[in-house]
Amino acid sequence: MAASELYTKYARVWLPDAVDVWKSAELTRDYTPGDQVLSLQLEDGTVRTLAIKPHKFCVCVCDVEHRIDPQTNGLPPLRNPNILVGENDLTALSYLHEPAVLHNLKVRFIDSKLIYTYCGIVLVAINPYESLHIYEADIISAYSGQNMGDMDPHIFAVAEEAYKQMARDERNQSIIVSGESGAGKTVSAKYTMRYFATVSGSSGEASIEERVLASSPIMEALGNAKTTRNDNSSRFGKYIEIGFDKKQRITGANMRTYLLEKSRVVFQAYGERNYHIFYQLCASSHLQEFKTFKLGCADDFHYTNQGQNPVIDGVEDAKEMCHTRKAFTLLGIGESDQMALFQILAAILHLSNVEVKDHSADRSSILPDNSHLMVFCELMEVSYDDMAHWLCHKKLKTTTETYVKSVSKMNAINGRDALSKHIYDRVFRWTVDRINKALKSAIKQHSFIGVLDIYGFETFDINSFEQFCINYANEKLQQQFNLHVFKLEQEEYMKEEISWTLIDFYDNQPCINLIEAKLGVLDLLDEECKMPKGSDDTWAQKLYNTLLKQKAHFDKPRLSNRAFIIHHFADKVEYQCEGFLEKNKDTVNEEQINVLKMSKFDLLLKLFEDDEKATTLSSSRSVVSRPGQSQRDNKKTVGLQFRQSLHLLMDTLNATTPHYVRCIKPNDHKSPFTMDPVRAVQQLRACGILETIRISAAGFPSRWTYQEFFSRYRVLMKQKDLLPDRKKTCKNVLEKLIKDQDKYQFGKNKIFFRAGQVAFLEKLRSDKLRMACVRIQKTIRCWLARKKYLRMRESAITIQRYVRGHQARCHVKFLRCTKAAVVIQRNVRMWAARRRYQQQRSAAITIQCLFRAYMARQHYYKMVYEHKAVVIQRWVRGWLARRRCRHYLAAIVLLQSCVRRMRAKRELKKLKVEARSVEHFKKLNIGMEKKIMQLQEKINEQHKENRELSERLSVVEKTQAAERGKLGKEMEILRGSEREARAKAERVPSLLEQLSFLHQELQSTCREKEDLEEQARAYREQTQQNNMLNSEKDDLNRQIKEQAQQITDTKVNVENTKQLEKDLTEERARYQKLLSEYLQLEERHGDLKGEMNDNTVRNTPDSSKPAHKRTDSNYSSSNVSEYTQSSDYCEGDDNSLQREDVTQPTVDMPVLLKLQRRVKELEQEKQALHLQLDKKEEAQQEKAKRQELESENKRLKQDLSELRNSLTSESGDLAPPRPGSEPYNVLLEQLNSSNEELEMRKEEVLLLRSHMVREGLKLDLSEISSDIHTLNEDGELWLAYEGLKETNRLLERQLQRQEQVHREECEELRDVVRRLRHEQKQQQQLLAQSLLLPEDARIDASLQHEITRLTNENLDFMEQLDKEGKTIRKLKKQLKLYVKRVEELEGSAQQQGRASWAATPVSPVNITRKEKDFQGMLEYKPGDEGRMVKNLILDLKPRGVAVGIVPGLPAYIIFMCLRYADYIDDEQRVSSLLNSTISGIKGIIKRRGRDFEITSFWLANTCRFLHCLKQYSGDEFFIKHNSPKQNEHCLSNFELSEYQQLFGDLAIHIYCQLIKCIEEILQPLIVASMLENETVQGVLGSKPTGMRKRSSSFPDGEAVTVETLIHQLELLHTTMNQHGMDPQLIKHVVRQLFYIICAVTLNHLLLRKDMCSWSKGLQIRYNLWQLEEWLVEKELTDCGAKETLEPLVQAAQLLQIKKKTVTDAQAICTMCSALTATQIVKVLTLYTPVVEFEERVSATFIRTIEDLLKDRVESPMLTMDVKKIFSINLPFTPSPVALETIQIPASLNLGFLTRV
C-alpha cells in the first residue's frame, strides 16, 4: 500500500503553524501522485492551497515554508483517527510524529485532565499546577500488585514496576526523573519514595519509612529556592538509593547530591529568592530560642532582599520551619545540633550586611564597630579583629617570602561572598552526611531502588558554568537513554524472531567527547585554571584555536569573542565565558578559613575537618613528589569533581534497570491545565521523547498479539477465511489486505506493523462497519416504511369502519331527536298554558289580598290616632291639675309662716318683761353657789368641746363652702334647665304633632323591625350554621395540623432512629475495627513473645523450669482485656502470667475505698431492686393462684350442688336410695367389704415385695404373666414395683449428693489450706521485708498490708454474696416452676381420678426395661481440656466433619462438657475449658486462617457455641425459644455473660479473617470476569494498545468469565451452608462479597481509560444482571447485596446514557446518587469511544456536570475503600437439636468423654 493512497478526501493532516506549532486541516479532494497542489480546509473553515515541491511544501496563503524529509514526497503528516486520540501510550498511535505526540498530550492534559502518559518505556508527567486527589492511600493500594499496562499511566505504576522487577529479577532498579525547573521533578520523586514507603514495611526499625520521607523537607529547605519558573525549584541534583532486604522491606537509604548552586547564596535575580531555610529563619526570629541570632525581617539582609520578592503565595515560612525542625528531630538530629546549624546560617546572613569602606583603588577596610560583623564573630566564636583584617587583606606566597597585601573593595566583597558560599556548601554537605547516617541501617542490604532527581536541559538568555554542567549531565543521560531504548527495541525483535535491519538513531557521543575528552572544553578549562594569569578571555581564545575547526558541535558566535556555542542533542546553546574560571576554581581566602578553624564552635570545626585531612594528605604527597608544588595545584576543580561524580552515577545507572520519568512544564505562567504548544515542543525535543518516537517509528511501532488482531479485525474476514489456527488465519487475512509485506512482520506471538498500517486497517474496518451500517439502515428503513404503510392501511380501514358506523348512529340519533322534539313541544305548550293560567289566578288573589290589607291598615291607623289623642289629652289635663295644686300649696305654706312669725314676736316680748322682774332673779339664784363649781367644770368641758367643735366647724364650713359652691353650680344648671324647660314647654304643641307623626313612623318601623328580626333570625341561623361549619373547619384544620405535626414528629423520630442506627452501625464498625486491630496486635504480641521464649530457650537450655498454670483465683472476670491477652494456649504464656501475677501494681487506697463504698451502695440498690422484683413476681403468682383457686372453688361448688340435687331429688326411677333404707344399707355393706379387701391386697403386695427383695428372686415375666395378672388384679403389684425402683433411685441420688457434698467440702478445705499457706508465705515475706525497714516504714508497710488484705477479703465476700444472691434467685425461680408443675400434676391427677370413678378394672401391663435417660452432658476428667482441644479443634479436618454429621458438632460437644462442669459446680473446670477453647480457636485461625474451609467452619462453630451459651443461660429472653426439655438443661451455677462477649468478639475476628480470605480468592477473578471478558467479540473489541500490553492473570485457554465468578460464589455459599453457618451471617458475608466485587470493579474502571466505553457499560450491566439472578436463585435478595452494587450499576448506566445537553446533565446528576461528584467527572473524563460512531464527552458538558454537583458534600476520595468491612451483629439463633440425642463419632478420637 502506497502512502499516497491515504491522502483521500476528508483525510486530515497537520500543517505547521507559528503560534500553535501544528494546526489540523482536512483534504477537500483526493490526492493523486504527481499533483502539485493540495486543497485543504482548516478547522475554522478557512480554505487554503498547499503547493508541493520535491523537498518542501508551502501554504500559499501565509507563505510558510517547512522543510521535510524527502522520503515523505513532500506530503504533510497525517492525523491519527479519532479513536486513537488520547491513548495512554503514545506508541499506540498509528502515525508516530511530532504533531501526533503533541496533540495526544494536549487532549489528555486539557480535555481529560490526565497528567501522565506513557511513551514506550518513558512516563511523561505534565505539571498541572493544581492539587489533584490522585496520590492518596487508596490510589496506592489500587496500583499495588498491578502490572504496568493494566492501569492508567501514573507515577505509582512506574514505582510498582521497579519494585516488582527488583523482587522478581533480583536486580537493582533506577528511576530517572528529569525535566526543566518547575516541571515537577521533586514532587514526582517524593511520590515515588512515598509509594515505596507505603507498599513495603521496614525490616528493622519501624520508623525507617518515615525517616526516608522526612529527608525531603530538609533537602527542600536547604537546596530549593524560588525562581522565575518555579516556586520550589531544586537547585541541586540528588540520587537516593532506597535499600531493601530479601523480603523486599525497606532497610535504609543513602543520598548523593550533585552540583549545588552556591552562587544563589550571594546573588538572586529579580523575582527570585535565596534558599528557603534563610526565609524560614527570618520568619521564626520571634521565637525565644532564636533571639540570640539577632535576626529580623528577610528584607533587612543583603543575601535575601536582592530578588525583592521575599514571600511565596500560599506558603508560610514559619510553619515550614516547624516542619523542617520536626524532620530534623525525626532523623535523630538533636536540638543542639539543629540550633548550631541555624546559628551558622544566621551568621551567613549577618555576614552579608558587612560593609567594606573604600580607601583607594587597591585598599579597603571595615569599621571597627560594624555591628553585623560583631554578631557574625559572636555567633562563629572567632576573633573580630582577625576576621575584619583578612576580609580586606590577602596573603601572597612566593618561593622565598610571604607578604600580606590589601585588596580593593570589590575584591573584598567577592572574598566575603566566596566565604559565605564555602560555609553554606559545607553546611549542606554536613546535613547530607547526617541524613545518610540517620537512614543507614545495620541490616544487610540485598537490593536497592535508586531515584534520580536531576535537572533537565536548560537554556537561558545568559548561560554560565552551571548551565554548562547541567547540559553536560543531560547529554550523558540522553546517551544512556538512547542506548537503552535501542537495546529494548532490538531485544523485542530478536525475541519474536523477526527479520529486522539496524535502526539508525541519534548518537550524541561526539558532543560528549567535545566536553569531556582530552583537550575538550573541561580539560582546557582545568588547564587554564592552573595558569597564574589565566582568565576567561584567554580561555575563550584557547577554545577557538583548539576546537572551532576540529569539532562539528562547537561554534563561535558572530558578534562575541567571549562566548561559545555547543550543539547539544536538544538545541544549540550559547555560553558566556565570564565567570567560568572563578566558578571552576571555587577559591576562598585560606586565611579566612584558618580564622574559622580557630573557633571554639564545635559544629564549625566539624565542617572543616575534611580540609585538614586533605591538607595533611596533600602535604605528605608534596614531600614525596615535588617539594615546590603548591597546594592549589592538587585541589580538584569543580568541573573535575562533577565529571567524576557523573561517571560514578552513570556506572550506577548502567548496573541497574532504568525507568524513565520525563516531567514537562506546560506553560511559564503557572496556569492550571493550560498548555503552551511552543514550550511543550521544546521540552519534548529536549527530554528525548521525540527521539524515542523516532526510534519506534523507524521500526515496527504497532504490535498486536494474534488473538488481539483476530478480535479487532474479525469484521474484515469472511467465513471461509476462518481457520482453527488463529495465527494462520491472521496471516492469510493480512496478505490479502496489505500487499506490501515489508509493512508488517509475523513474530512468534505478535504481529509487527510499520507506522501507518494500523490506521489503514482501522480505515478498512471503519469502511466495512460503515457499509454494514448502511445495509442495516437500508433494511431497517425498508422494514420501518412497510410497517408504517401496513399500519396506515389498517388504520384507514379502521377509520372508515368507525366513520360509517358513526354516520349510521348519527342518522338514528336524528330520527330519535325528531320524535322526541314533537313530544317535548306538546308537553311544553301544555306547560306554558297551564303556567299562564296559574300566573293570572295568582295575580288576582294577590291584588285582592293587598287591597284588603290596605283597607284594614287604614282603619287601624284611624283607631290608633284617636286612642293616642285621648291619651295625650289625659296626660295634659293631669299635668295642669298638678301644677295648679303645687301653686295652691305654696301659697298656703307662705301664709302659715307669716302667722307663726307674728305669734313668735308676741311671745318674745312677753319673755323680756318677765326677765326684768326681781322675783325671777331670786328664783334663779337659788342654789347658784352649788352650781357654780359644777358649771365651772362644765365650762371647762364645754371649752374643750368648743375647741373640738370649732375645729369640726372649720372643717364643716370648708365642706359646706365646697358644697355651697357645688349647689351654686347646680342651681345655675337648674336655672338653665328651667329656662330650657320653659322653652321646651312652648314647643310642646309642635312636639305633640311630631309625636303623632313619630307614632306612625314607629308603627311602620315596628313592622320593618319584625321583618328585620325575621331576616336577622334567619341570618343568625345561617350564621350559626356557618359558625358550626367554621368550627368544624377549624377542628379539621386543627386535626390536620396535629396530624401534620405528628407526621413531622414521626419523620423526625424516623430520621433520629435512622441516625441512631447509623451511629450504632458506625460505632459497631469502629468497635469491630478496633477489635480486629487489637487481635492483630495480640497475635503480633504472641508471635514476638514466642520468638523471645524460643530465643531464651536456645540461649539458656538448662534454665527452663516447670510452668505454674494460672488458677481461677487469679482471674478477674471484670477485666476482659487481661483475659484476652492471657488466653494463648501455650506454657510460655502461663509462665509470663505467673510473672505478671507476682508483680502486682501498688493499690491506691483512697480510690479503692471510694470504689468499695460505691460498690456497697450499688449492691444495696441491687438488692432492693431484686426484692421489688421478687415481690412483684410473688404477687403475680399469688394472684394467678388465687384465680385458679377461685375457679376450682366454683367448679367444686357446682359439683357439690349437682351432687346434692342428685341426692335430694326423689322423682324418677333413678332416684338415690334413702339413708336407712334397705338398698342404702346393702350398698354401704358392699362398700365396706370392698375397702377391707383392698387393704388386704395392699398388705399382700407389700409382703410379696419385701420377700422378693430379701430373697433376690428374679422372675421371668413371660412365664409368670398369668400369676402377675392374678396378683395384679387392681394394678397394685406394678405400682409397688415402681415404688421400689423410685426408692432405690432416691437412695442412690442421696448417696451421690452426699459424696458430692463431701468432695466439695474437701475442695473447700484444700482451698482454705492453700490460701492459708499463701497468706503464711506473704506474712513471712512481709516480716522479712519489714525487719529490713526502719520503724516508721515498718508500721506503714504493715498498715498497708493489712488494708490490702481487708480490701481483698471484702471484695471476696462481696463476690460470694453476689454469687449466693444469684443462686438464691435461680433456686426461687426453679422452686416456683416446680410448684406450678406440682399443682398442674395434682390437678390432672384429680381430673383423672374423677374421670375413672366408675372405670373398668385395669388391663394387664407388660413390664419392659426402661432405656437410660441421658441429660445432655459429657463427663471428662480434670486435665482433659488439652486433649479435647487438640483432637476437636487443632487436628480436626472440616471436610470430614461437615458431611453426614450434625452441623456445629464441635460446638455442641464443648458445650456439653461445659454443662458437666457447671453441673458439678467446678469453677476451675469451667474457666479452663473456655480459655482452652478460645486459645485453640485462635491458634487454628492464626495458623490456617488463609484456608476458607477452616475459617468458615470455625466461624459457624463459634457462633453456634455462642448461641448455646445464650440459649441455655436461663435468661427469660432466650429460654422462651426453648422446649421444656431444653429448659431443663440450662446452666444452673455460673453466669457466663462475660464469656458471651468474648466469644462474640472472637466470632467477629474470625468473620473479618473470613472476608480477607474470600477477598484473596476473588481478587484475581473480579477484574477479569467483570471488565476484561467480552461476550460479544469483534465489534466490541478493544482498541490497539502500545508497548504496555495489558496482562492477564490467566492463560488464553482459561478465559475468566462471569460464570467463573458465579461458580466460585456458588462454592463459597455451599461450603458455608454445609458448615451450618447462620443464614443471617451468610447474608452478611454475601453482602460483603458483592461490595468487594463492586469496589474492585469500580476502582479499576476509574483507573483504566480503555474500560470507559459504551460497549463496556453494556457488558458490565449484563454481568451485574447475572449476579442478581444468582441472588434470586439463592433467595438472598433481602440481604442488601444488590444495594451494594448500585455504584457500579450507575457507573455502567453513565457510560451508556446520552451526554450532550443540559437536560442530560441534570438526568445524570439525578441518576448517579450513589457515585460521588469526583467519580462522575472521572468517568465522563475517561470516556473513550471504541468505534468511530461514538463521540467523546465535551469539556463544556463536563463543566456543566461540575457546576450541578458542586453543592454536594462528599468525600474527595476517588476510589472506593476495598478494605471496608461492614459492621455486623450476631443475631441469636436457637438450636432445635436436643443435647441428649447427640452422638459422638468414633473418628473424633474423643473416647475419654462419657455421656451422662
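Here the Cβ of each residue, glycine as well, is placed from N, Cα and C on the backbone.
Where the annotation comes from TrEMBL, it is an automatic prediction and has not been curated.
Checking TrEMBL for coiled coil across the ranges 925-959, 1030-1064, 1205-1239 points to 925-959. Take the binding-site residues G182, G184: by the count of other Cβ atoms within 10 Å of each Cβ, the lowest one is G182. Within 10 Å of the C-beta atom of S181 (ATP binding site) sit 20 other C-beta atoms, taking all shown protein chains into account. Using the Cβ center of G179, E180, S181, G182, A183, G184, K185, T186 for ATP, the list of other same-chain residues with Cβ within 8 Å runs, in sequence order, N127, N230, S233, S234, G456, C663, K665. Mean pLDDT for the coiled coil (925-959) in this predicted model: 72. For K185 (ATP binding site), applying a Cβ distance below 8 Å and a minimum sequence separation of six or more within one chain yields V177, S178, G179, S234, D453, I454, Y455, G456, C663. In terms of DSSP helix, strand and coil, the region 'Actin-binding' (646-668) has 9 helix, 8 strand, 6 coil. Within the same chain, residues at least six positions away from T186 (ATP binding site) with a Cβ under 8 Å of its Cβ are S216, E220, N224, N232, S234, D453. Listed in sequence order, the residues of the same chain lying 6 or more apart from E180 (ATP binding site) and placing their CB within less than 8 Å of its CB are R229, G456, F457, E458, C663, I664, K665, Q683, A686.
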